[in-house]
Amino acid sequence: MSEVQSPVPAESRLDRFSNKILSLRGANYIVGALGLCALIAATTVTLSINEQLIVALVCVLVFFIVGRGKSRRTQIFLEVLSALVSLRYLTWRLTETLDFDTWIQGGLGVTLLMAELYALYMLFLSYFQTIQPLHRAPLPLPDNVDDWPTVDIFIPTYDEQLSIVRLTVLGALGIDWPPDKVNVYILDDGVRPEFEQFAKDCGALYIGRVDSSHAKAGNLNHAIKRTSGDYILILDCDHIPTRAFLQIAMGWMVADRKIALMQTPHHFYSPDPFQRNLAVGYRTPPEGNLFYGVIQDGNDFWDATFFCGSCAILRREAIESIGGFAVETVTEDAHTALRMQRRGWSTAYLRIPVASGLATERLTTHIGQRMRWARGMIQIFRVDNPMLGGGLKLGQRLCYLSAMTSFFFAIPRVIFLASPLAFLFFGQNIIAASPLAVLAYAIPHMFHSIATAAKVNKGWRYSFWSEVYETTMALFLVRVTIITLMFPSKGKFNVTEKGGVLEEEEFDLGATYPNIIFAGIMTLGLLIGLFELTFHFNQLAGIAKRAYLLNCIWAMISLIILLAAIAVGRETKQVRYNHRVEAHIPVTVYEAPVAGQPNTYHNATPGMTQDVSMGGVAVHMPWPDVSTGPVKTRIHAVLDGEEIDIPATMLRCKNGKAVFTWDNNDLDTERDIVRFVFGRADAWLQWNNYEDDRPLRSLWSLLLSIKALFRKKGKMMANSRPKRKPLALPVERREPTTIQSGQTQEGKISRAAS
C-alpha cells in the first residue's frame, strides 16, 4: 500500500516560490522596481477627503490586526505601512496645504514644512536602522587559555574624585582573565600623587600626562605609545566592569580578525535626572536604553556600530592603522569608529551590559553633556561627512548620517512647539487645511508613527518621552547647533561631572528658565485662543473657528510637553553617596565572634539580599528583631562559583529585614565589596526589566509627572519608587556552627585575581 504523503504547508510553498523567483537573474531589481512603482502610486493617488478617511481607517484596522504578531516580518510590515501613510501625508502637505496669503505667512509655513521634512527623514532613517537587529550572541573563546590575547585596560581620568575611580580600577583588576595577559592602567591627565600611590597599592599601573592636550583622545593616544597589549579595553573612570567582561565580549574579536571594535551597552546603576526627578521616573526606561537596546543592535546589522567612548574593546592594530584616536572633534569615539570603518575595518555590538556607571546627577550636568555630544557629532558631519569620501557602504553611511543629524533636533523641536503661536498671536494660518483634512491625513500619520515606534521600541523607550527629552534640552542646543554648523572648529571637551549628593530638594532654574518662559508665552497664546472661542465664537468666520480650535489643541499639546520638561528641573534630594542597587543574592550571615576568639564567627543564618551598595546591604532573613545596638557579622556568598566573605555590622533588624554596613577597613575588603556589588557576571542582565510600551499609559505617566511639579516639598520620592514585594524565604535558621575569619566550611575563600 502506497504511503500517503502529507500536503506541503502553504507557507512553505509560498517561501519556495518566492525564493525561486528571487533566485532568477535580476529578480531583485525587478521586484524592487515594481515595489517602488507601487509605493509611488499609493502615495500620490488623488482621493477625496471621504475616500482618504476610509483608507486611513483601513490602515488603522490593518495595524491592529497585523500588529498582534511578534515576528520580525510583522515589524517590517508595520514600518512599511507607517512609511506609506507618512508619505501620503507628505504628499498632501506639499500639494494642498501651502496656500499662503502673505510673505510672512509663507515664510512661517515653509519653516514648519522644513521641520516636518526633517522629522520624516529621521523617521525613515530609524526604520532603516532597525529593520533587522542582529542580536549578536557571545562567541566562546579558544579552549586553550594560552591562545587568549593580551589586553590593556585603560581607565582615563582628568579631575574625577579618587573615590569614584578606585571602584573602576578594583573592578578591572578583578576581571577573570589570565593575570599574565592583562594590565590595568590609570591614565591620569591630572598627574595626582594620590592616584599614583593608589595604583601602587592595588596592583594597577599608572601613566600620568602633564599637558592634557586633545583631552580624552590625547590621553588615550599618549597611553597607546607606552603599552603593547593586543587589545585595549576602555572604561570611563566610573564604569565598573563585571568579572566576566572580557570572556563575554572578546570571543568575536579573536574569531574575526576584521573586527576592530566590540562595543557593549552603557548601563547606569544610578538614576538619571528624568528617572530621579519625575513622579513616574523609576518606572520609565532610562534615556539611553533606546540607543543601546534598539539602535546599536540595528546598526550592527549594517556593520555600523559606533564606538561610544567606554565599555568597548578595540584592536590595537586597527587603532594604529588610523594613527590613533581622532582628535579633530570633541566626540573622539564616534569619529574614531568612522575612520576605522573607512579603512575597511568592521565593528560589532553585543547587547549585554558587562559594566555599569554613574548617570549624570543633575539636570544642568545632563544638558551640558548632551551639548558636547551635539557639538561633536555636528563637527564630524562638517569635517568628515559620512556621505562623502570613500571606504563606506551605503548602509554604514546612512547609519552614521542618522547619528549625526539626529542632533539637529533642537531647531525642529522648537518650531513644532511654537507653531500654534503664529496664529494665536498674529493670525497667521500656516497650514491651510480643514479639521476633516487633518483628521484624514495628519492624525493617521501621527498614529502610525507613534504606534509603530511602540512596537519596535517595546520596553526600551516609551511613547512621548522622546519629545520630553528633546524639549528639555532644545533651547540650549539651538545655539550650539547653529554655531557648530557655521564654525565646526569651535568648542572644547568638557568632562561630565559624576558623583555627589544633594542635601535639599531644589528647583534648577538655570536648567529650566528657557522652557519656563516658553511655557508662559504658550499659556498666554492658549488663553487668547480660548477667549476668542468662548466670547467671540458667533462673530468668527467658519474657517477662523476651525483655525482657533486646531491651534488651541496644538498649543495644549505643546504646553503639556513643556511642563513635563520643566518638571525635570525639580531636583529631589540625593543624600546617599553610595547608590543602592537592587540585587537578590543568596547569602549566609555569621554572627558575632565567640568570646576569646575574635576571628571566629557562629550561628549561620541564610538570607537573600534586597539591595546592595558600597556602603552596605539589606538582607531578608529569619532573624529576631534587633534594636539594642550593632552586631558584628560576616556575610558569606558564592559568586560565579567562587566564595566570598565580607565583614559587616548589623545596624538593625525588623520584620525579617536586616540592614548591614560594611566594615571596609582595608583594600582587600574593598576589593571584595566591589566584586559583590558590581562584579557579578549577571549583575545587570535585568537592565531592561520594563513593561512593553503602551502609548496611552505613557501619556498618562507624563500627566502625572506634570502634576508632581506642584507637589509639596519632599513628597515625590516616597511615591515614585516601585514598591518591592517582600522576598519569601523557604529557609529556617540553622543550628549554631562556627567559621574562622577568612574561611568557609568548605575551605579558605579564594579572591578574584588582581
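We count from 1, first residue shown onward.
Backbone N, Cα and C define each Cβ position, glycine as well.
Looking at 75-95, 516-536, the stretch flagged in Swiss-Prot as transmembrane segment turns out to be 516-536. Of the candidate ranges 47-67, 108-128, 468-488, 516-536, 468-488 contributes the most Cβ pairs within a distance under 8 Å of the transmembrane segment (407-427).
The average pLDDT computed over the region 'Catalytic subdomain A' (147-240) stands at 96.
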